[in-house]
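Novice: Okay, handing you the structure first.
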Amino acid sequence: MLRSTKCATNDKQLKMEERGHWDKRVEYILAVAGAVVGLGNVWRFPYLCYKNGGGAFLVPYLILAVTCGIPLFLLETTVGQYTQEGGVTCWRKLCPLFEGIGYGGILILIYSCMTYIIILSWALLYLIFSFRSQLPWGTCNNYWNSEFCISGQNTSGWSNQTNTTSAATEFWERRVLAISGGIEEIGSVRWEVLLCLMVMWVICYFCIWKGVKTTGKVVYLTATLPYVMLLVLLVRGLTLPGALDGVLYYLLPQVSRMTDPQVWMEAAAQIFFSYSLGVGSLIVLSSYNNYNDNCYKSSLYLCLLNSCTSVVAGFAVFSVLGFMAHEQGVPIADVAESGPGLAFIAYPQAIAMMPLPQLWSVCFFIMIIVLGLDTQFLAMEVVLTSIMDMFPKQMRRAGQRERFLFVFCLFCFFSQLVVITEGGMYVFQLLDHYACNGACILFLCIFESLALGWLFGAQKLFDIIKDMSGMTANWFFKLCWCYLTPLLSLTCFICSLVWYQPLTFNRSYTYPNWAHVLGWGMALSSILFIPGWALYKVATGTGSLRERLIYLCRPDPGFTLTRKGEELGVCEEAKTRLS
């Protein structure tokens with residue numbers, strides 16, 4: 001009896017420590033698609049395309065996608081599937097010296113979790129207002145409107161006055177944000193946005209609270225619904241008057257811009273951001289794959305899906321912007337804004353001018369919510385999985401995941417209270433510009449490609465891909481991992497520092513110096529993990545400096561590859577303990 005009880009207890013413990021896998025391959029495809037196809041595809045890519053030379057922007061975008069985006073996407077997917085570990089512990093197995101890359105990626109994702117769910121709260125508020133008989137951002141008869149307000153129906157004043165503001169702009173700035181004069185004036189919390197934020201956190205919690213079992217089912221809806229909505233909006237946009245002018249403005253190349261370093265930097269930033277590179281998302285999601293999944297083919301298809309979605313979204317957005325320019329009699333450049341300006345000013349303003357505006361408004365904001373929701377809860381899943389893999393004995397017990405996730409959600413929620421104040425939009429842009437994008441991600445990707453391409457070995461990666469997928473990778477990827485990807489990433493990183501421009505808001509408000517210092521502090525908080533962790537491991541190691549470096553640059557001797565779906569990465573000591 002005692003033996004049976006002990007065996008049952010051991011079996012229960014082993015069951016609690018089970019990490020899990022995707023039930024079907026399609027769940028993995030949809031999950032990764034949901035993580036990499038997000039809000040950046042809908043508003044950021046189209047804006048960058050027209051801002052940086054229209055069709056000419058596609059040239060550096062495609063070059064960097066082929067030399068940096070796709071190789072790093074395949075690299076991270078391979079590492080996750082091979083090690084079956086999270087964004088931190090995978091480095092312990094392959095190259096312990098650069099474990100700081102994993103910590104830096106987790107910190108960037110935490111910043112992202114604290115930032116982008118705010119967009120979903122704004123979108124939910126807009127969705128609620130969309131069910132009114134008259135859209136509040138389509139008229140100037142509301143209590144928040146000023147005497148300078150011009151509605152979508154009153155188009156005669158658009159080109160004749162310079163001190164006017166649109167009804168959509170005033171709804172966004174005066175009703176939703178109640179925006180203050182600057183980051184120095186934080187003001188009070190916007191209680192409507194607070195309630196919407198609470199709803200979005202509850203939804204995110206229950207999407208992933210049981211791990212890959214629930215995440216794999218939720219993505220069937222969240223990863224496919226945005227494409228249905230995008231297709232509906234695309235067809236509607238292309239049938240509007242003036243749509244052709246918008247499409248031509250979107251695609252017409254300005255060849256002279258191709259020599260501008262700023263164009264290449266922004267193309268690189270878009271590639272690294274939209275492909276979710278450097279932060280460990282792809283590593284974690286692919287770590288739930290079976291060992292013999294064809295990660296090589298999946299990576300190529302998913303990269304193609306991401307870029308094609310961006311291009312198609314550009315047609316949907318600029319067909320609507322062309323319609324706005326046609327109705328208002330102004331240039332397209334005067335109605336298109338990046339980021340929240342496009343999602344919450346330009347597009348709602350265009351919707352208010354269409355027949356059946358409530359219908360199109362509901363479709364648009366459902367698409368925004370689902371696109372962002374998918375990216376948000378998958379980022380949370382990545383953070384959670386990476387931390388659980390770091391502390392498996394403590395975190396893989398019954399109910400521990402749900403409790404830790406609840407604490408994490410509460411931490412992020414209370415940290416966001418400053419972002420939903422009257423001065424919160426300035427804080428939001430500061431986080432987005434410094435902590436979640438740009439230099440910090442580029443820096444992580446430089447060392448990721450160097451560590452795996454040179455220290456771990458590009459040839460080993462080729463052998464791993466062939467063993468897992470049965471396919472031989474193209475030799476071009478080896479060239480990218482060792483030379484092209486780190487070189488181009490480093491060039492873009494240096495250029496972003498040399499041609500650094502201080503952050504502004506709405507092209508008029510200049511942030512104070514202390515805000516820039518705070519922003520760079522957040523950026524450095526993830527960057528410094530790489531040299532900081534490397535110095536710590538070298539300093540605390542044993543043996544001569546040369547022996548420590550050799551040990552830290554080699555794969556973990558206890559981690560061995562067993563082929564074709566057998567138990568992976570379990571050293572003999574662990575096998576003995578578990579048996």
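Every residue, even glycine, has its Cβ placed from backbone N, Cα and C.
Automated prediction, rather than curation, is the source of TrEMBL annotations.
For reference, TrEMBL lists these features for the protein:
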BINDING   Gly34, Val37, Asn41, Ser274, Asn306, Leu371, Asp374  Na(+) binding site
DISULFID  Cys140-Cys149  disulfide bond
TRANSMEM  26-43  transmembrane segment
TRANSMEM  55-75  transmembrane segment
TRANSMEM  101-129  transmembrane segment
TRANSMEM  189-208  transmembrane segment
TRANSMEM  220-244  transmembrane segment
TRANSMEM  264-288  transmembrane segment
TRANSMEM  300-325  transmembrane segment
TRANSMEM  359-384  transmembrane segment
TRANSMEM  404-428  transmembrane segment
TRANSMEM  434-456  transmembrane segment
TRANSMEM  476-500  transmembrane segment
TRANSMEM  520-539  transmembrane segment
Novice: With an 8 Å cut-off on Cβ-Cβ distance and a minimum sequence separation of at least 6, pull the same-chain contacts of Val37 (Na(+) binding site), or say none.
Specialist: Ala223, Pro226, Ser274, Leu305, Asn306, Thr309, Leu371, Asp374
Novice: Answer with yes or no whether the transmembrane segment (264-288) touches the transmembrane segment (404-428) by the criterion of at least three Cβ pairs under 8 A, sequence separation 6 or more.
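Specialist: No, the transmembrane segment (404-428) does not contact the transmembrane segment (264-288).
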Novice: Which bits of the chain, at least 6 residues beyond where the transmembrane segment (476-500) starts or stops, bring a Cβ under 8 A of a Cβ in it?
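Specialist: Beyond its ends, the transmembrane segment (476-500) has Cβ neighbours at 64, 67-68, 71-72, 74-75, 261-262, 264-265, 268-269, 438-439, 442-443, 445-446, 449-450, 452-454, 458-459, 461-462.
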Novice: Determine, for the Na(+) site, the additional residues of the same chain whose CB lies within 8 Å of the mean position of the CB atoms of Gly34, Val37, Asn41, Ser274, Asn306, Leu371, Asp374; present them in sequence order.
Specialist: Ala33, Ala35, Val36, Gly38, Leu39, Gly40, Pro226, Thr309, Thr375
Novice: With CB pairs under 8 Å as the measure, which of the listed stretches 26-43, 264-288, 359-384, 434-456 comes out on top against the transmembrane segment (300-325)?
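Specialist: Ranked by Cβ pairs under 8 Å, first place goes to 26-43.
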Novice: Quick one: pull the CA-CA distance for Asn41 (Na(+) binding site) versus Cys149 (disulfide bond), whole Å only.
Specialist: 31
Novice: Excluding the flanking five residues on each side, which residues at least 6 beyond the ends of the transmembrane segment (26-43) place their CB within less than 8 Å of a CB in that stretch?
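Specialist: Distal contacts: 116, 119, 215-217, 219-220, 222-224, 226, 230, 270, 273-276, 281-282, 285-286, 288-289, 293, 298, 301-302, 305-306, 309-310, 313, 317, 338-339, 342-343, 367-368, 371-372, 374-375, 378-379, 382.
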Novice: Let me check one thing: do the transmembrane segment (359-384) and the transmembrane segment (264-288) come into contact, meaning three or more Cβ pairs under 8 Å with sequence separation of at least 6?
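Specialist: Contact confirmed: at least 3 Cβ pairs fall under 8 Å.
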Novice: Compute the C-alpha separation of Cys149 (disulfide bond) from Gly34 (Na(+) binding site), stating it in Å without decimals.
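Specialist: Cys149 (disulfide bond) to Gly34 (Na(+) binding site), Cα-Cα distance: 38 Å.
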Novice: Whole-number Å distance between the CA of Cys140 (disulfide bond) and the CA of Gly34 (Na(+) binding site)?
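Specialist: Rounded to the nearest whole number, the Cα-Cα distance is 38 Å.
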Novice: Tell me the Cβ neighbour count for Cys149 (disulfide bond), meaning other Cβ atoms within 10 Å of its Cβ, over all protein chains shown.
Specialist: 22
Novice: I need the most crowded of these recorded positions: Cys140, Leu371. Count other C-beta atoms within 10 angstroms of each C-beta and give me the top one.
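Specialist: Answer returned by the neighbour count: Leu371.
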